[in-house]
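Structure record follows, encoded as structure tokens.
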Amino acid sequence: MAGLVKLSCLVLACMIVAGPIATNAALSCGTVSGNLAACIGYLTQNGPLPRGCCTGVTNLNNMARTTPDRQQACRCLVGAANAFPTLNAARAAGLPKACGVNIPYKISKSTNCNSVR
């Protein structure tokens with residue numbers, strides 16, 4: 001039940017962050033959070049890294065091919081990171097590498113998504 005509440009908060013935070021952003025991005029924060037839902041325990045409770053988490057990270061990376069999409073995904077991730085006070089910052093920053101995925105920015109609460117290309 002607590003996981004469902006956290007996921008709901010993540011989705012809500014993503015929608016709030018993405019609401020005022022007008023871009024040409026095809027990615028929504030709902031898509032981003034849906035792909036990363038399996039990562040919540042790993043990022044907030046120091047649980048094991050589930051295979052489904054890395055599948056979501058890979059899928060998200062494959063969807064974010066344009067600069068607007070990468071910037072939008074970044075904004076969603078920053079919003080989600082800020083919504084979780086128990087987020088393990090080191091695990092969040094290292095998540096792409098742990099999943100064997102290379103993204104052009106660091107996942108953190110303070111990433112400048114406008115600089116993402």
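Placement of Cβ uses the backbone N, Cα and C atoms for every residue, glycine included.
According to DSSP, CYS29 (disulfide bond) is assigned to a helical segment. Per Swiss-Prot, disulfide bond is recorded for CYS29-CYS76 (among others), and the stated evidence type is sequence analysis.
Secondary structure from DSSP puts CYS39 (disulfide bond) in a helix. Residues annotated as disulfide bond in Swiss-Prot, with sequence analysis given as evidence: CYS39-CYS53 (among others).
In sequence order, ALA98, CYS99, GLY100, VAL101 make up the list of same-chain residues 6 or more apart from CYS54 (disulfide bond) whose Cβ falls under 8 Å from its Cβ. What Swiss-Prot records for CYS54-CYS99 (among others) is disulfide bond, and it gives sequence analysis as the kind of evidence.
Sequence annotations record features per position, and here Swiss-Prot assigns disulfide bond to CYS74-CYS113 (among others) based on sequence analysis. In sequence order, GLN71, CYS74, ARG75, VAL78, TYR105 are the residues near CYS113 (disulfide bond), counting only same-chain partners six or more apart with C-beta under 8 A.
For 1-25, the entry in Swiss-Prot reads signal peptide, with the evidence type sequence analysis.
Here CYS39 (disulfide bond) is positioned 15 angstrom away from CYS76 (disulfide bond), judged by their C-alpha atoms.
Under a cutoff of 8 A between CB atoms, and with a sequence separation of 6+ in the same chain, the neighbours of CYS39 (disulfide bond) are PRO50, CYS53, GLY56, VAL57, LEU95.
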